[in-house]
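Undergrad: So that we are looking at the same thing, I have put the structure below in structure tokens.
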Amino acid sequence: MANILKTIIENDKGEIRRLEKMADKVFKYEDQMAALTDDQLKAKTVEFKERYQNGESLDSLLYEAFAVVREGAKRVLGLFPYKVQVMGGIVLHHGDVPEMRTGEGKTLTATMPVYLNALSGKGVHVVTVNEYLSERDATEMGELYSWLGLSVGINLATKSPMEKKEAYECDITYSTNSEIGFDYLRDNMVVRAENMVQRPLNYALVDEVDSILIDEARTPLIVSGANAVETSQLYHMADHYVKSLNKDDYIIDVQSKTIGLSDSGIDRAESYFKLENLYDIENVALTHFIDNALRANYIMLLDIDYVVSEEQEILIVDQFTGRTMEGRRYSDGLHQAIEAKEGVPIQDETKTSASITYQNLFRMYKKLSGMTGTGKTEEEEFREIYNIRVIPIPTNRPVQRIDHSDLLYASIESKFKAVVEDVKARYQKGQPVLVGTVAVETSDYISKKLVAAGVPHEVLNAKNHYREAQIIMNAGQRGAVTIATNMAGRGTDIKLGEGVRELGGLCVIGTERHESRRIDNQLRGRSGRQGDPGESQFYLSLEDDLMKRFGSERLKGIFERLNMSEEAIESRMLTRQVEAAQKRVEGNNYDTRKQVLQYDDVMREQREIIYTQRYDVITADRDLAPEIQAMIKRTIGRVVDGHARAKQDEKLEAILNFAKYNLLPEDSITMEDLSGLSDKAIKEELFQRALKVYDSQVSKLRDEEAVKEFQKVLILRVVDNKWTDHIDALDQLRNAVGLRGYAQNNPVVEYQAEGFRMFNDMIGSIEFDVTRLMMKAQIHEQERPQAERHISTTATRNIAAHQASMPEDLDLSQIGRNELCPCGSGKKFKNCHGKRQ
């Protein structure tokens, strides 16, 4: 272990030496750039673009380009990037993460690689965690980019598609991570290419990269359509039942945060809902409602996991930032269960139309890099999942902050009493204090205690983050006391007021350890920026979540034996023990995220195939007849092959029924037309007849443009409909294969195999529906102005309304379970009409 650690440290040192040499080369151009007039310096951008177009690489332009940005920043912003900032910029250009402490000027560091990569004309996305930071950075740094001749756009959620398109067309686009994700998904749902807003994803520079790529890695971005099923009554019934339970009726696993009914709880459910057996297959839907009601009432906590807004809406609280996540909802019915619990209006359940996780969104960029002050603890994850290295950059000035050992108390009450006493003492001498909490509830509790102690203060949490930048900016003034949930105000520097350095600088007080060391380091890093003095102190209790999960029972005995109910234990060993517990949690969380990625990679591969083919259809300016006719041919082949083993009469009857109801006019083909033909000949006969019907159908459309439009809408509507159903099916499969793990099967392998089979089935189903709709759609010749609208609505109506029909006189007893159903649905018999037998 010691040897591995030594190797890592030596590698980091070698990398720093290499970066220093590269930074020195940038500095060699300093005098040359300083001698240029403003117009000459601005003209460098045009020169660099021409050199790039003529085959020079961005790497070869780096030294001059960085020097131009340094000189430009000095003239426009009055800021001159330090050597460490140039080093950080080089790391960013190479697609890695420079770990730079708070206050080291990450925003200015980013200007150099952003400028360099924007010269390619392919677009650079600067990604921030919220729109306030996007607007702030785009306004401040945009001044420099515009002066140097580059265009800057800001992509906000409130902008129209046209405004978004303009923002993405700029050389540099500032946006939040969520908005880029949603724009990507929406672009892959449009019917016309001109409605797409994004260009191909080229280079992303992610601010607070650990927050977005690690903390929110598993967060799926979901575009949903409303589900019409009215289920609010079931949510209320399940909630009412769950609220009637005693503690013995359910079992909670604190460590994994799972809950289930005990035997007595099951008995009560069967009595309450008047059932013979709660876990009968007919009651699967009901158990889903009960499970969600249990989680909502006994796992999900008000003011910690969510808050109730003034508009009576349930808002999720981000566990890492303490902010509410506007527009986000828990999926799978949990959000509705919480709404029932809190007695607010229950919103309709939704159906997923498209989804992607941040992990897979950002892996789609040709080049990805990011900035953080605390990335080294997650280095393995950055490397394994994103192929990114984390390189610690030295501080411009030595860190002066004093990090005190943790103080451990027996109870939460004695811990908070000590916190309030410490804050009051520091307030009285004028030293500013920032108190970090992990939950809104804790912030409110400490606030009440400080009011009682006569200490004026500001509270920054999920309930009032609109004022967060202003509150954080004042947090370093003399006598300021600020309470903040976790990393609220991240991205805004706390600058020390007059006379504060002499008082010891900003003191950061943590009220409990987070399960991630990185979040604790971020809180500490609010103090001691740019060589300022500062202090940090964490207060813990045996009743904290982290301590309860890992070994507080042993320490509890020590406190009781020594009769130390109000006193604290302070030792470096304790701090190391806590960090060891945190490492275990981080390891568990990483393993979980890695497994999620294995599942999500199945969806990613399938999504890329669908979206690529969808894009080809949208952007095609030609007749799509070859593609549609190929689908018709493959569909005929599947149906004929699906009945290859049946008796001749049964086979011909099934194929004839398929042709009548899905392919040809009903009276245009008889049994005699097919008898005596080989399977190959039957396929060819049906295909040739289908081509005539196809020609007849398209001839009803007025002109070539109408044909193209009809073809596009037809294919896209079918694909979107089937893909949406497939996403839901994959979600259900994922839940189901988890149970197979208990049968000694690897659930990921099962998911991959089953997901692949389902995808192939979906492709067959898409081609079947396109065939059926193309051949059976009621197309009427239209005047040109109405044609487009008619085409769209006809295709949509057919797709939505056309149900697979089964001839009444057909004998189903001879059809094999794995043969295609003769109704023409494209499904296997066992999954269609065979299921009803």
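Note: Cβ is positioned from N, Cα and C throughout, glycine not excepted.
Because the structure is a prediction, the values reported are computed rather than measured.
Okay, these came from Swiss-Prot:
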type    : residues                                              : note
BINDING : Gln85, Gly103, Glu104, Gly105, Lys106, Thr107, Asp493 : ATP binding site
BINDING : Cys821, Cys823, Cys832, His833                        : Zn(2+) binding site
Undergrad: Based on the record's binding annotation for ATP (Gln85, Gly103, Glu104, Gly105, Lys106, Thr107, Asp493), what whole-number value in Å is the widest Cα to Cα distance?
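TA: With Gln85, Gly103, Glu104, Gly105, Lys106, Thr107, Asp493 as the binding residues for ATP, the largest Cα distance is 17 Å.
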Undergrad: Excluding Gln85, Gly103, Glu104, Gly105, Lys106, Thr107, Asp493 themselves, which residues in that chain have a Cβ inside 8 Å of the centre of the Cβ atoms defining the ATP site?
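TA: My list of surrounding residues reads Met100, Thr102, Leu108, Thr109.
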Undergrad: Look up Gly105 (ATP binding site) in the DSSP assignment and reduce it to helix, strand or coil.
TA: coil
Undergrad: Tell me which residues of the chain lie with their Cβ under 8 angstroms from that of Lys106 (ATP binding site), as long as they are six or more apart in sequence?
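TA: Once residues fewer than 6 apart are set aside, Lys106 (ATP binding site) is near Gly88, Met100, Asp207, Met371, Gly373.
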Undergrad: Across all the protein chains here, work out how many other Cβ atoms are within 10 Å of the Cβ of Glu104 (ATP binding site).
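TA: Result for Glu104 (ATP binding site): 24 other Cβ atoms within 10 Å.
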Undergrad: Looking only at Gln85, Thr107, the binding-site residues on record, which one has the least crowded Cβ, with the fewest other Cβ atoms within 10 Å?
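TA: It is Thr107 that, of the binding-site residues Gln85, Thr107, has the fewest other Cβ atoms within 10 Å.
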Undergrad: So what sits near Asp493 (ATP binding site) in its own chain, CB-to-CB under 8 Å and at least six residues off in sequence?
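TA: Listed in sequence order: Thr102, Gly103, Met473, Arg529.
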